[in-house]
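Student: So that we are looking at the same thing, I have put the structure below in structure tokens.
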């Protein structure tokens, strides 16, 4: 049982936290701008590499480099919107989806050009896990990732519920026509969507780097589970997306837990779990768990 | 010697462009006619490549194989398997809205990739399948074989074009475009939209698999690393949009032009200083990504925009 918690549940929650941070942006962009942003994973990669540069040049620890990564990635996201998505905004959303595929490729090849393709790490060396109650083992990095994500979820909740910008964002996600007639500044809301989506993606990217390593396919590999998470939480429901991320992350890790010493699902297929959850949702409950929009 | 070198460079260019033209025509059936956003092209391509490779190659020690069937049997098997897989997927996913279909098809391509990497008994895992024959290998040798192969590829391109052209002109194609442009209206006059879409997806999947089979015969070796899945999917999309989605000639023209640009960037990045040379392929990716953005913003309907077939035959009847 304790093995289940140490080696399956806690890594699952950690992975889920990372998915959650990416899924927030996907859900908000889908809800407010009405398109599936296929370059979101590569925004995470961008954040991870900006933090890596800060670690290299300023000698900061990875966690202290997060603000730099957030600002840098948010700027990149706002720029991408201006350059590539805004010119297509009045067309059917499928054009923007195709453009975002291209942006994913552009971001990744730019990263490969600037930083090369070798895997990198923020900190070299093995971290000894902390041991509680004699048998509960948690790695420090897992505790940091989970704690930060919880803090972000609480902040996001208060931002969306009480701040003017947050409330406007929810209004646009619920009914864009009504929001525009009511006189909300849509462009400003779009800008904030990219700042928050990009910033949180950057934090997620840095967490991936902390948890494992940093490589140029880091974000793209997370894209499908993050879409699944956004759908699970309901499109346009950022906190739902975080919950969705957590569920997908935990599901991916614990599904490989051997029951009576038999592995039902081989670990090499665990990334298919997210896809199966996503397909089931699309077919049977497209509004997700928290009644999101069906676009 | 210089001239013949150039000639065979051109032959290899035409071979790859032809393989992409088949993919592009297949995507045109799915997206151009039917409005189905398939982002998992690489999955069907891989099914085709592996089916053909396993059926035609000589005995292998680690995986099933050694059937040594003829190329045509291999291609038929590739088409049947891809058609069945495509049918299963289409039954489930084809009525999803475009963005969701894109997610679903990416997921399917990913699962196909996982199966290929993990099921070593079938595909020899990351080591891949080797000893894949080329058509008419026994008859033609050396450089003649290259020319025979490029002719073979373009025969398949013409066949695909002909079928696609007939489909486009037929009542079937007309119904499909009606469904694409206004699903509710098409349904109201009794068109079974789900069944039409499923057929479209299956036909596209079959031709994507044929393109995969062709490249397996061309490379004579196929492994998960032989091709970059995202590159195939992405290039096919760039080709179709640049050439003109909905137009079969546009699909072929797009494949030729974009493959020419892609090949030329290889020459261009060859001039880069040597410390950049190892990164030249990323530079090419970056350029092709920017090219797509340019086309999307300026020439959205492509080089040869879609044109509905002439209606005169209809009026006479």
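The backbone N, Cα and C atoms fix where each Cβ goes, glycine too.
The annotation transmembrane segment is assigned in TrEMBL to B:6-29, B:36-59, B:71-93, B:100-117, B:147-164, B:201-220, B:226-243, B:250-269.
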Student: Which range out of B:100-117, B:226-243, B:250-269 gives the transmembrane segment (B:6-29) the most CB pairs under 8 Å?
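Tutor: Maximum Cβ contact count belongs to B:250-269.
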Student: As a test: from B:36-59, B:147-164, B:201-220, B:226-243, pick the stretch that has the greatest number of Cβ pairs under 8 Å with the transmembrane segment (B:71-93).
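Tutor: It is B:201-220, which has the most Cβ pairs under 8 Å.
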Student: Looking only at residues six or more beyond either end of the transmembrane segment (B:201-220), which have a C-beta under 8 A from one in the stretch?
Tutor: 15-16, 18-20, 22-23, 25-27, 29-30, 34, 36, 38, 41, 44-53, 56, 71, 74-75, 78-79, 81-83, 85-87, 89-90, 94, 129-135, 149, 153, 156, 160, 167, 226-227
Student: Pairs of Cβ atoms less than 8 Å apart decide it: which stretch in B:36-59, B:147-164, B:250-269 has the most with the transmembrane segment (B:100-117)?
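Tutor: Result: B:36-59.
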Student: Cβ under 8 Å to the transmembrane segment (B:147-164), counting only same-chain residues 6 or more beyond its ends: which ones?
Tutor: 11, 14-15, 18-19, 21-22, 25-26, 28-29, 134-136, 140, 207, 210, 214, 217-218, 248, 251-252
